[in-house]
Amino acid sequence: MFTWIFIFWFMQINKCVSDFTYNISSCYYKISEEFHHEGDVVIGAFFPLHTFHTRKEKPHSTIPYYYLDNKIQYNFKNYQYILTLHFAIEEIKGNPSLLPNMSLGFDFYNVRFTGKYIHSNTFNWLTALGLRNYLPNYNCKKRNFTAALTGTSWITSALTGTLLQLFKFPQITFGPYDFRLSDCGQYPSLYQMAPKDISLSVAIVSLVVYFKWSWVGLILPDDHKGNIILSDFREEMERKGICLAFVKMTPATWTSYFAKFWENMDETNVTIIYGDIDSLEGVMRNIEQRLLTWNVWIMNIEHHIIDIADYFVLDPFHGSLIFKHNYRENFEFTKFIQTVNPNKYPEDIYFPKLWHLFFKCSFSDINCHVLENCQTNASLDVFPRHVFDGAMSDESRSIYNGVYTVAHSLHEMRIQQLQMQPYGNGEGMVFFPWQLNTFLKDIELKDKRSLDWRQTIDTEYDILNVWNLPKGLGLKVKIGSFSANAPQGQQLCLSEQMIQWPEIFSEIPQSVCSESCGPGFRKVTQEGKSICCYKCTPCADNEISNDTDVDKCVKCPERHYANAEKNNCFQKSVSFLTYEDPLGMALASIALCLSALTAFVIGIFVKHRDTPIVKANNRALSYILLITLTFCFLCSLNFIGQPNTAACILQQTTFAVAFTMALATVLAKAITVVLAFKVSFPGRMVRWLMISRGPNYIIPICTLIQLLICGIWMATSPPFIDQDPHTDYGHIIILCNKGSAVAFHSVLGYLCFMALGSYAMAFLSRNLPDTFNESKFLSFSMLVFFCVWVTFLPVYHSTKGKVMVAMEVFSILASSTALLVFIFGPKCYIIWLRPDKNSFNHIRKKTPSRRKNFPKI
């Protein structure tokens with residue numbers, strides 16, 4: 001309800017103002033634009049209180065620089081400049097220790113034109129100021145002029161200063177600081193009151209970084225100041241990783257039809273506006289006219305353009321952020337604003353205009369300076385803040401400081417004159433304006449903070465948030481500050497919850513060219529585009545990023561692994577083929593079962609040791625082979641469990657020796673069969689080999705050769721404990737490294753060579769009489785053994801970690817099982833299921849039919 005009442009009230013004010021705008025009294029044209037405030041010493045004040053705009057530029061026939069289609073535009077906020085003059089002079093007047101018995105006054109001149117007209121008007125100002133009175137032998141009026149207050153743009157001050165310097169007339173500027181005006185050679189009598197913006201770019205970029213805005217626009221004046229601040233912004237933004245979506249330089253001669261200027265404005269939600277009031281007037285006016293409400297404006301000046309016929313509730317500048325120098329608030333000035341009225345300063349011609357417009361006062365028919373039918377309680381503090389703000393602005397603060405600068409300089413000069421020659425006969429202070437320069441320079445060299453009337457620090461800023469919804473509220477709320485002298489990380493201080501954003505945003509606005517790359521991703525810059533325009537790609541294997549918008553992912557340490565989201569590294573757990581592991585448990589169970597089965601077969605052979613089938617196939621070699629196979633099965637257990645140095649050595653040596661003995665036994669069996677049936681040596685030699693059991697010597701000979709290979713292996717490059725952090729994700733696999741790959745493959749090659757030899761011998765005797773002849777089974781078992789280990793090599797080299805170990809265990813068990821099943825399986829079948837064939841009677845029945853096939857020995 002209150003909101004609607006406020007809106008209605010505000011629209012009534014706008015309606016009232018609008019009515020008077022189009023029904024302006026003739027007194028508006030009769031009242032002069034300049035006025036004089038009496039004082040013993042006078043300051044010249046050149047302020048832009050209102051401006052004239054023209055579109056078609058139809059020149060007046062008699063009045064120079066005047067156009068028939070002129071439109072007046074009042075900057076009511078600028079009226080604060082005059083009030084600041086009044087306030088400062090009143091304060092000095094009430095200070096008995098500063099300029100006693102002397103009063104300050106001022107001559108006010110409205111700065112009506114800019115650009116090409118200002119130089120001509122500057123000469124008119126100087127003429128009106130009375131500089132002719134100070135020409136040699138010419139003095140018709142006894143008025144002490146001291147200095148000129150000029151602003152707000154540097155152009156106004158520079159053009160005015162060009163003529164003022166001819167007479168060394170002191171000039172004090174209240175506009176933004178400009179390094180060109182600090183050139184003592186060109187402007188020796190010019191003094192700037194505004195603090196330097198040495199940290200403004202750092203402050204604004206710090207705010208942009210705080211809200212993570214990486215894609216911002218920049219609007220600057222197209223002059224030397226714009227080029228300098230652009231360089232500062234680029235340098236600071238590059239250092240912070242912020243990119244410029246666009247850079248727009250305001251033209252020197254602005255027109256509302258400059259449509260190209262506003263292209264691509266929707267590329268970003270945040271735009272920085274830097275400049276002075278005059279250079280940005282056109283930009284501000286166009287922003288209002290276009291209702292650009294989707295942007296957060298970050299500015300170094302307040303919005304001063306007021307259209308009194310504006311009925312829009314929405315304000316494009318609502319939610320804007322303004323950086324102002326950190327001043328101590330002057331509450332006395334606010335109280336002063338509440339008390340001023342046309343009666344207090346009757347010479348001030350702008351009071352009647354304001355009261356006429358806003359409080360429906362009427363001009364007297366006799367005197368345009370006299371108002372009638374006015375409200376008794378009318379005061380400036382009831383104005384909407386977007387029309388007139390009672391808080392002292394930066395420019396007003398500089399004017400305030402400038403007046404005090406002049407006052408202190410006059411005070412010092414007066415003391416010096418009194419010391420040299422006291423005044424007599426009621427004579428007042430007599431001086432030429434140029435004499436004041438010496439004292440002004442002395443004050444300029446002093447520490448700014450040592451004087452109460454200059455309370456500002458160049459490196460400190462207040463951050464204001466504009467609350468202007470509905471339009472007319474006009475509040476500027478301090479939501480933070482920036483101090484370049486504070487420790488790193490503590491320079492920016494914000495109350496984020498106090499900020500009101502433009503109405504289009506329900507939360508903190510985002511201003512990025514590309515969406516942020518979350519944890520687990522990294523940025524990839526797109527060719528031909530800004531570094532802020534990128535695409536996101538996942539981190540590589542075992543790399544992480546636990547922050548947003550990282551350029552490079554970080555590789556996890558060797559003993560850590562990246563999680564699935566690739567935003568954190570975790571400690572890898574140690575892994576190896578254990579007995580608790582399902583695969584390890586299965587292999588161990590199979591090895592034990594096969595070992596038990598082999599032991600059972602040994603028991604069968606021992607029990608039936610006197611039967612023909614056991615005796616006929618070299619019983620002693622069968623026992624050796626079965627015992628060796630038991631060790632082959634059991635040696636696979638060395639590969640299961642946590643590896644240690646002893647286990648790594650035993651894995652390879654027991655495996656090599658056990659299999660060598662097994663293959664040597666098979667070879668001895670095959671040679672025995674061949675000697676018995678195929679050798680064509682003389683009978684005595686064959687008989688000696690058979691009686692002396694010569695083939696049995698093959699076992700120790702072959703085993704000694706393998707032991708020699710293993711000995712060389714262990715002596716040169718033995719197996720050792722190794723870690724594999726890559727194969728199994730999230731685990732560090734502990735395994736035995738073979739040490740010497742050549743030695744390992746030599747062992748395998750030797751075993752395969754023996755298997756081929758056994759196969760060849762068994763193959764030669766495959767067609768011999770088959771009563772208890774195991775040649776076919778020997779050859780087939782060797783063929784299977786050879787295939788297992790030949791297949792093992794490529795599979796072994798293509799696997800890693802626990803699978804590789806399991807593959808080796810499986811090959812040991814498979815090849816050992818092939819020997820057990822194919823050599824002893826048929827014999828166990830006859831012993832258990834066909835005992836009728838395991839008798840001498842059965843042998844005698846089959847022998848005659850085969851005798852003809854026996855070779856002659």
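Heads up, the Cβ atoms here are built off N, Cα and C, so glycines get one too.
Curation does not apply to TrEMBL; its annotations are automatic.
Per TrEMBL, these features apply:
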SIGNAL    1-18  signal peptide
DOMAIN    583-847  domain 'G-protein coupled receptors family 3 profile'
TRANSMEM  583-608  transmembrane segment
TRANSMEM  620-641  transmembrane segment
TRANSMEM  653-677  transmembrane segment
TRANSMEM  697-715  transmembrane segment
TRANSMEM  747-765  transmembrane segment
TRANSMEM  777-797  transmembrane segment
TRANSMEM  803-824  transmembrane segment
The transmembrane segment (653-677) touching the transmembrane segment (803-824) per 3+ Cβ pairs under 8 Å rule: yes
Candidate ranges 583-608, 620-641, 697-715, 747-765 - greatest C-beta contact count to the transmembrane segment (777-797) (under 8 angstroms): 747-765
Remote residues contacting the transmembrane segment (697-715) - C-beta distance under 8 A, at least 6 residues beyond either end: 624, 649, 652-653, 656-657, 660-661, 663-665, 667-668, 671, 739-740, 743-744, 746-747, 750, 754
Averaged pLDDT, computed only over the residues in the domain 'G-protein coupled receptors family 3 profile' (583-847): 80
